[in-house]
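Here's the structure we're looking at; comments come further down.
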2 protein chains.
Amino acid sequence: MTLWSTTKRLTKRVLGYPENAPPVVTVNDWAQKLTDDPKHEVMNYIESLFPITKWITRYNRGWLYGDVIAGFTVGIVVVPQSMSYAQIATLPPQYGLYSAFVGTLIYCLFATSKDVSIGPVAVMSLTISQIISDVDKRFPGMWEGPQIATTVAFVSGLIVLGIGLLRLGWIVEFIPVPAVSGYMTGSAINIVAGQVPGLLGESGFDTRAATYKVIINCFKFLPDTKLDAAFGITGLFALYAIRIGCDALGRRYPRRQRPFFFVSVFRNAFVLVVLSFASWLYCRHRVSHSGKYPIKILETVPRGFQHVGPPVIDGKLVSALAGQLPVATIILLLEHIAISKSFGRVNGYKINPNQELIAIGVTNAIGTVFGAYPATGSFSRSALKSKSGVRTPAAGILSSLIVIVALYGLTPAFFWIPTAALSAVIIHAVADLVASPQQAYSFWRVSPLEFIIWLAAVLVTVFTTIEDGIYTSICASLALLLLRMARPRGYFLGKVTLTAHSQEKTETRDVYVPLNPKPSLMNAAVKVTPPAPGIVVYRFEESFLYPNASLLNTILVDYVKANMRRGKDMSQVKLSDRPWNDPGPRPGHDENAENLKKPALRAIVLDFSGVSQIDTTAVQSLIDTRKEVERWADRAVEFHFATVLSPWVRRALIAGGFGTGVPSSSVPSEIAAVVPYRGGQVAPSADPQHHDEEAPAPHKLEEYEITQNAPIELDATPFFHLDIVSAVRSAEGTLLREDMSSARSSVSKSPADISES
Amino acid sequence: MTLWSTTKRLTKRVLGYPENAPPVVTVNDWAQKLTDDPKHEVMNYIESLFPITKWITRYNRGWLYGDVIAGFTVGIVVVPQSMSYAQIATLPPQYGLYSAFVGTLIYCLFATSKDVSIGPVAVMSLTISQIISDVDKRFPGMWEGPQIATTVAFVSGLIVLGIGLLRLGWIVEFIPVPAVSGYMTGSAINIVAGQVPGLLGESGFDTRAATYKVIINCFKFLPDTKLDAAFGITGLFALYAIRIGCDALGRRYPRRQRPFFFVSVFRNAFVLVVLSFASWLYCRHRVSHSGKYPIKILETVPRGFQHVGPPVIDGKLVSALAGQLPVATIILLLEHIAISKSFGRVNGYKINPNQELIAIGVTNAIGTVFGAYPATGSFSRSALKSKSGVRTPAAGILSSLIVIVALYGLTPAFFWIPTAALSAVIIHAVADLVASPQQAYSFWRVSPLEFIIWLAAVLVTVFTTIEDGIYTSICASLALLLLRMARPRGYFLGKVTLTAHSQEKTETRDVYVPLNPKPSLMNAAVKVTPPAPGIVVYRFEESFLYPNASLLNTILVDYVKANMRRGKDMSQVKLSDRPWNDPGPRPGHDENAENLKKPALRAIVLDFSGVSQIDTTAVQSLIDTRKEVERWADRAVEFHFATVLSPWVRRALIAGGFGTGVPSSSVPSEIAAVVPYRGGQVAPSADPQHHDEEAPAPHKLEEYEITQNAPIELDATPFFHLDIVSAVRSAEGTLLREDMSSARSSVSKSPADISES
């Protein structure tokens, strides 16, 4: 036993274990919170993987009605849309239908949102087209487009599934709104530009090139416009006419809004049917000898599922795709989470983001079996589903049945669909994704820097690729975040006394505000009283962490050197004894008189209400600050902390020797030395230990604050205060005490001392 | 003019320009601050590039004395050290001397620190050896070691110079203390392990392999120990003996500390001289026929500068080095900045980090002319210089002269230096860089997570390379930083009333603390009073930015749903009319009675004293929160903000419709829609606009706070308050008014309403 206790004592000595430190929060405390009821949590986790079990048993006729209407509506809309979006992805139209079928069917098993509809979407399709084009450029003819697309679906599906299972969905939060809005706008411009040639029947240039090139070419090739344009432009015009017409009629006759809404909804299908019929009338007798039709039509769309089977994953293809997978995965999860959260909010329920990731992960991974390309939540169809009065996720089943009907029964009719009409559908749908001027302006109103990030995302997407656009905006946002961390605001505070007059009595209350408040903060006529001489009150407006650690040091030390009295009288120091970088007083300038005019520094009060975290670098910086200001003042300086609410910040400050009233000279001055120095002795000149005799004993505060017969603050840490008012009072109390005792013993350090107090 | 005003009006309409918004800070305000006096700033900048001009004219005899002592001392120490460190870098010893000469000479022209001594250092040398080994592995025999080393010096010197000229030195702050300490410790272990074979005369294995392999091999090859060990171990023993002896004697005879200090300082030179003499005695007649000596000695060290000339930079070599340059640059600037800052603090002056970067940048770039390899601030020699009483940067000139003397006069003597003795010098010097147990423990005390980062940096450096160690620790620190941003703490607050009894009167004061404070925060006996029913007071403890934007929403909405009354009576809703994910009340459970027990939500008071920044994502999240809680409460909810000090946060909140008292229904609900939806009408069911009739007009606050005859708060933004006390009072004032008016008109909404108030 003695051996054990000796070892323990030795270890404590080697580690520098503090013997009389006040109790602080420990890692054990934290770990105990984690393992509250592990069995219960595991059960909850497993249950949450299959949300369908919670509602399917309660399914009733009331729900069925809403689900049938919504499922049918989405089904009718998704068929033309999915074929169009496959065209964006440069895939044959049936792949869009496969995707739509799998998305609508499988999602409902795992969904925590009733509104979201999964299937092909515009931006994902654009990304797929860029991935196909990129792989094809690097490995010409090695893999077919559909194989590349399904491989992307499989691999990024598995990645998203993994993120969901590991409950890492919160990483989505690191993509801010301006970044998303920027690349969405850029992509939408890109898609619209890419479809204009199809709409007009132009050909002969690469529509997957950078957007600005496509736009230039659209104009250049305008003379090549073909008959397709008749179908395309008519279609586009009809689509907008129906939408605007129904909107206007709905507003005019509010009681008939619902029928007008459904007419508007079916405009895509309607326009396609009419144009296909027209194209059939026009083309059926005009086929050339080589089998060519006068306008571009879809021609044979294979009937039913042609590519059912276990997914064929080529390892080489996966490694060729590796560089593109992050972007595909980001788009997959980002759009879906954004949409499901937003509909949860609108309709007053709560989704589980991780479960949603599992849902799209499984959907895409399984989709590969049916030859589906990546599918994710579609905003327009989800809005439609929501507005059609969907009641449960089961509505998706009906939608998938309609897709099957289309796949098995309507493919002969699809033969005659003009591609220009599909382009019209795409342009009509995707143009809505472009951010409106109001929205761009509201970015500016909220935060001009974020507007710049948004603009950069748009421009980069338009001038290079969607991939670069996403990375640019995410990285720029992160850089802004770090810059915000590294350059926080801070204020030296002063007091404003408020007086409230009521019938019975007059109440006064102190509020601490910046010494020089901006006119937008408060009434400019109000005067702010600085704290008592010798006391500095500073408010740091951010967590105190390594990127901004040295800032607080610089600000405080500079302020003290500029405004507080230097303890050492420099007027007696010869020029040759001054530091090389101190030119000495200007001629005819009494350095000492000026110095003596300043108050002697007694206490620094730090308002830590903005500091919720602190780290080693920051604590070291605080220790350095203490050393530097004490060296300047040539006396011990009290450090008071107001509003330290976090037990971990408390722990860190106590480890750094703050809060308890231990004098700075008995605290190790290097809690986190970058380069420890252990060679040689401490030379006489460096770092004189002059504070020892002056260091105050841990003192009791003068202002007794009693409530409910118990002092509110903890005895062990008299320098931590609940709020800034008690912190400043405590600091001023010490000052008063000191001045009184120094006046009593008539050993005033300088004449200025008394006149100040 | 009418055309102009029409355009302006139209633009404003398209952008959704708010007509009656209160004035906010603008980008112009910010830009005006930037361009205060550009000419003056340019002059300052140019002047700051040549700090020597500020002190050289005042040079005097008083300074000369200190400079001579310090310059001489450093010169004597740098000669053996630089040759040893060249050995770490696997370069011939003369390269260390070149580096030492250039570093000491050129630095003094640009220095803002008198103490820092530049020259070869251990960790930089280790990095160089790893770079040489890496390049040699990829391009065998293509370039010589010295050429690689000088190219690294040139290119990273230019990079550092650029960083300094562009005033980007603050990026160094993004490398926190635990990361630096971790890789320093790992590198030191690596260096010591790599020198043990040299110390013992072991050979036959790669000393540049991963550290753990080197350590294993040191033991494996122990039987191969040669005569070198006699010299090496003797040297190492002597070095420690002198140091410990002088330390003890200095403590024993404090008045003679200075001579003992200098004896201790010259121990390296002394031991090398003695051992070289011994090796000369032993070896001179024992040379073998092939010219081999019985122990490993330096043999011919070329006299003078052998490689003076314009730098030969091979473009291919630079691109081969590209991947390694970041690490070399990081080490170059990191160590130097850390050292110069730390000596500035110790000796009470202020360095200019950017100018220091310029200094080492220029030193390394020019050094290439003399064949120098990368040099940076050496901690041990800087400490020596400081302790020897250096007065100005000019001391470096004398040190460089001593290096020249050694280069031209002592090279014949260097012939006989045993490499084992140099290994002893290295081990003796570098062992001090390993972090002490106290230091590691103090990381743990301040922040357990940072201790883990430190440990990871050490282990990765030991088991792989120093490069991986640096990257691991920097990335882990950044990840921790982002995690801290993304998962901030927050508290629902309650009130504690403090009473101060003085002779004349009794003062009371309200302090807001967490509703369930941790025992480490305050006396557990103190009871916290929750705010008035229907008022929620929440404090968010971090800047409100995109990584944590949805957190505040989740916390507030969940709290409101759990603790506040639902506006809509759900007891009358049939099961089939409930949402699919709401199982309805448990049998025998009166949902409505329980709901009515809860207070109706009136106001949410957000203490923003911890929020110094806000962005678009966060404002959108706040708008969503408002919408969701108003939907739950089925009435308008006031949002009060306390302590919004930043004009930019104010601007953003006003843009989001907060602060001014505008009802939420007249604010655009999507300030930052991820996916804007403009297709189709607004269906009747979604988002009912039920708040319109209830929305309160922007009201005057009841609590008249007058000070100096002027109301302190701004009229235009009655929902922004200077502190939490006035925010809660204002919220409670509204509550009181409402309840009074409802009581008067006897239209109480529910029985609970009155009993609460």
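Each position is counted from 1, following the chain as shown.
The backbone N, Cα and C atoms fix where each Cβ goes, and this holds for glycine too.
TrEMBL annotations: computationally assigned, not manually curated.
The structure displayed is predicted, hence computed values, not measured ones.
Now, the feature entries from TrEMBL:
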type	residues	note
TRANSMEM	B:63-83	transmembrane segment
TRANSMEM	B:95-112	transmembrane segment
TRANSMEM	B:148-172	transmembrane segment
TRANSMEM	B:229-249	transmembrane segment
TRANSMEM	B:261-282	transmembrane segment
TRANSMEM	B:357-376	transmembrane segment
TRANSMEM	B:388-408	transmembrane segment
TRANSMEM	B:442-463	transmembrane segment
DOMAIN	B:533-658	domain 'STAS'
REGION	B:570-594	region 'Disordered'
COMPBIAS	B:570-580	compositional bias 'Basic and acidic residues'
REGION	B:735-757	region 'Disordered'
Under DSSP, the domain 'STAS' (B:533-658) has how many residues in helix, strand and coil? 61 helix, 18 strand, 47 coil
The transmembrane segment (B:388-408) and the transmembrane segment (B:229-249) contact flag, 3+ Cβ pairs under 8 angstroms: no
Quick one: do the transmembrane segment (B:148-172) and the transmembrane segment (B:261-282) reach 3+ CB pairs under 8 Å, ignoring pairs fewer than 6 apart in sequence? no
Other parts of the chain folded back onto the transmembrane segment (B:442-463), taken as Cβ under 8 Å at six or more residues beyond its ends: 176, 178-179, 181-183, 185-187, 189-190, 210-212, 435, 469-470, 472-473, 476-477, 480
Between the stretches B:63-83, B:261-282, B:357-376, which wins on the count of C-beta pairs under 8 angstroms to the transmembrane segment (B:95-112)? B:357-376
Below 8 angstroms Cβ to Cβ, which residues of this chain, lying six or more residues outside the transmembrane segment (B:63-83), approach it? 93-94, 96-97, 99-100, 104, 117, 119-120, 262, 265-266, 268-269, 272, 298, 301, 378, 380-381, 384-385, 388-392, 394-403, 406, 410, 414, 417, 422, 425, 429
